[in-house]
Ligand SMILES: NC(=O)C1=CN([C@@H]2O[C@H](COP(=O)(O)OP(=O)(O)OC[C@H]3O[C@@H](n4cnc5c(N)ncnc54)[C@H](OP(=O)(O)O)[C@@H]3O)[C@@H](O)[C@H]2O)C=CC1
Ligand SMILES: O=C(O)C1=N[C@H](C(=O)O)C[C@H](O)C1
């Protein structure tokens with residue numbers, strides 16, 4: 001039995017993770033901790049799952065590492081500088097492992113993978129993400145990561161920046177620029193989590209779209225990460241692509 005603790009346990013994702021862990025034959029939920037709760041009960045866990053907020057996740061993660069607890073992190077906000085900081089905590093002998101994934105949905109991971117593969121073949125690419133209006137961060141962690149992967153694939157293939165003649169623009173009309181890729185964030189009542197990667201070439205458009213219809217859809221990926229993080233060969237794993245053999 002893997003003993004699991006959950007941080008952010010009363011949140012939308014945290015509550016779903018508690019249910020999923022309780023329903024898994026090989027896991028036991030030993031601690032459910034939210035804002036203002038004592039973190040000490042988490043020391044009974046082998047793996048802590050964090051779905052909190054970008055503003056607090058680094059503090060939570062440092063606490064887990066300092067207490068020798070493996071961590072699976074779904075909270076967003078991990079730019080390269082934050083990832084470097086986490087790596088700096090994980091140097092030296094044997095210790096806890098950390099897995100950070102901007103999206104645990106299998107389809108979303110495949111969407112990022114296919115976008116990365118398609119990226120060098122098209123002159124233009126933009127990303128549109130759509131989420132529920134209670135989301136605190138924009139653009140989404142998934143869109144940010146997709147842009148990073150797409151930009152890296154284009155750079156490696158020597159593709160020029162996407163053409164764009166815009167010289168006159170209303171404030172932020174062209175969205176955020178992530179590594180040279182435009183990312184547009186839409187917030188809509190009724191939405192859960194959706195993303196389109198739109199690629200454009202000579203006389204053709206290619207759209208890769210993923211829709212999360214509920215939060216249960218993230219649970220197979222979260223449980224897989226909990227099972228794998230304990231024996232991971234790398235102290236830090238980013239994304240669950242490698243767990244899926246991609
Ligand atoms: N990787 C993935 O597949 C997915 C990632 N996410 C990400 O997960 C994160 C959480 O999303 P969601 O569940 O919708 O957000 P919610 O706001 O519903 O949940 C966050 C919870 O964390 C609590 N919290 C805040 N600070 C702390 C703290 N210091 N310690 C413990 N708990 C704390 C909040 O309490 P309070 O409300 O009182 O502040 C709240 O209960 C976001 O970053 C989101 O983008 C979401 C879906 C999938
Ligand atoms: O806040 C959400 O809901 C989600 N957050 C993650 C993100 O920012 O990419 C994953 C998914 O999009 C749902």
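Even glycines carry a Cβ here, placed using N, Cα and C.
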Matching residue for the NAD(+) site, where TrEMBL names 8, 9, 10, 11, 12, 13, 74, 75, 76, 101, 102, 103, 104 - out of 34, 36, 59: 34
Secondary structure at residue 135 (active site, proton donor), reduced by DSSP to three states: coil
Summary of DSSP states over the domain 'Dihydrodipicolinate reductase C-terminal' (107-243), given as helix, strand and coil counts: 49 helix, 37 strand, 51 coil
Conformational class of residue 12 (NAD(+) binding site) under the three-state DSSP mapping: helix
Among 34, 103, 135, 141, 142, the recorded positions whose C-beta sits under 6 Å from ligand 2: 103, 135, 141, 142
